[in-house]
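Residues or ranges marked as domain 'GAIN-B' by TrEMBL: 228-374. Sequence annotations record features per position, and here TrEMBL assigns domain 'G-protein coupled receptors family 2 profile 2' to 378-633. Annotated signal peptide per TrEMBL: 1-18, in sequence order. Under the heading transmembrane segment, TrEMBL lists 380-403, 415-440, 460-483, 490-514, 534-559, 580-603, 609-632.
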Amino acid sequence: MTHTLVLYYLVFLLPTESCRTLYQATSKSKEKVHARLHGVCEGVCTDNSQCTQPCPPDTQGNMGFSCRKKTWHKLTDTCRTLNALNIFEEDLYLVQPFADNVKINVYHGKPDTITDILLQKCPTDLSCVIKNIQQSPRIPGNIAIIVQLLHNISTAIWTGVDETKMQSYSTIANHILNSKSISNWTFIPDRNSSSVLLHSVNSFARRLYIDKHPVDISDAFIHTMGITISGDNTEKNFTFSMRVNDTSNEVTGRVLISRDELRKVTSPSQVISIAFPTIGAILEASLLENVTVNGLVLSVILPKELKRISLIFDKISKSEERRTQCVGWHSVESRWDQQACKMIQENSQQAVCKCRPSKLFTSFSILMSPHILESPILTYITYVGLGISICSLILCLSIEVLVWSQVTKTEITYLRHVCIVNIAATLLMADVWFIVASFLSGPVTHHKGCVAATFFVHFFYLSVFFWMLAKALLILYGIMIVFHTLPKSVLVASLFSLGYGCPLVIAGITVAATEPGKGYLRPEACWLNWDMTRALLAFVVPALAIVVVNLITVTLVIVKTQRAAIGNSMFQEVRAIVRISKNIAILTPLLGLTWGFGVATVINDRTLAFHIIFSLLNAFQGFFILVFGTILDPKIREALKGRVASAKWSSRISENVSSEFSCHPTKGPS
């Protein structure tokens, strides 16, 4: 018996101990090698050089580095612990060496991929991989394997997706959607992996069958709801409330289907919606896009009869200084697209979007611009400039009233001062309405007031430009005398038609064409919309066209005065040069050349210098009109001196009369 036990020990236990000893020695050797190599590149770091290093112990794959500014930066990471041998629950005890290549291909019916084995082992609920996936670290290689697994499942299973399968699928996806994994998505070599994940989840959910009861599958980072609808339903909605940024703060997303849309449904159908709190940040990290998703990402799967839905997003960041855009995810081009949605309303807390789901657009959200469009400097310049502008315009109109009879004795001077007065009056009204619009909190809370303020700001600013055009035409009239046969009344009527009629038509058509579709206003301010309807072009195009016309006018004036100076004496040449300089000095600020910088701010709205220059020049236009249109006019200065002298003379006469009256009092009857 004793010999038998000894033999058993020698045959079975001793080899086991030897293997264990050999395994430990090998492991220690590997640990030494990995401790030396992984995560550290050997050699000198020179710009744009690259290197590859093995992954830490107990993982397979490698890491790629690139040298920038004499420092190694990690670019890619394929480190993984999951493979076809250890991903299944019953094979947990089989700790075998990693295969060089893990085959995860689209399902073809041959049991040689993880997906094939999965569909054989647990085809009814897909649960046989959940435990090991949940216990696996969320490192880039594991994330890539799970993404490919979810993609393969979504393409392999065409029918029979019930709530149980959807629950398992969501649990697997939830693991790599965890907010703690976001930074690791950056290092996955396939930059499109996050888009593949979103498309796979949407495709799998599209095959979900809803029986009698609504579906509600909730995980921390993915929440799926589904209902059946028919044409006689009232308005339907889904409401999601999920935590973001690893805090207790929750943001809400709502999907609304109007009763009018539901009436288009001819037979019982189903609607499915999925909410993601982290996929937006994952898409940004994975695709390296310079955009920030500022709400939940909501996927909506509708029957083909339904074309429009309303989405309400709570904002993650409540900043009022950043532009918000409603967008849809383009599943083919892997990018956010504004064409899928339009903004309906917005305030500092929420944004309301109207979107058009389709095969290309299933997922929607709101974006926050990565840069701040406003600054305290701009605000200060704007309001101080407006204050100076308004005071200057009031002073300008007061001076015109005082000297009107002295400076309008000829037809050309009369018409010129009509233009000056109307330019000052319309710019004054535009500034006042601009202040009114700025005090309104936005289109959401004061929509009608905001529409009215925007209309009048648009109208009066356009009127300024059209009266500037009239002023330029009158300069031509004064120099070239091309309208000498027209009566004065006809000229005045033409000026008023040009100065007020054209702006009224343009402003009226703009509001009539864009307001019914809620595309007249910007979401964040009471001003013309740009992102959705390009309504701002109804101001920019006429203004810049007038600037071009007036520049041509200045050129013609210069040419005409130079020709008139040829052959004259030196004194006349000097007078011609002075006249040219005066015309340019008056025309340049009045013709709105500052809006050239306005175009620059539209093209490149990140450059603060353009905004500051534009705000300075535009806000002080009233001051420019006072200086160049009134004070620098020698006839106005002479008339003012005459009025002052006349006032002094009248005052002196009054004093003399009073003194004489006091020296020679009237005697009463004796």
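Glycine residues also receive a Cβ, built from the backbone N, Cα and C atoms like all the rest.
Because the structure is a prediction, the values reported are computed rather than measured.
Residues 417, 420-421, 424-425, 427-428, 431-432, 434-435, 612, 615-616, 618-623, 625-626, 629-630, 636, 639-640, 643 of the same chain, all 6+ positions outside the transmembrane segment (380-403), place their C-beta atoms under 8 angstroms from a C-beta of that stretch.
Beyond its flanks by at least six residues, the transmembrane segment (415-440) meets 386, 389-390, 393-394, 396-397, 400, 404, 407-408, 446, 449-450, 453-454, 456-457, 460-461, 463-464, 467-468, 470-471, 474, 477-478, 488, 491-492, 495, 499, 525-527, 590, 621-622, 625, 629-630 of its own chain at Cβ-Cβ distances under 8 Å. Across the domain 'GAIN-B' (228-374), the prediction's mean pLDDT works out to 85. For the domain 'GAIN-B' (228-374), the DSSP counts in helix, strand and coil order read 16 helix, 69 strand, 62 coil.
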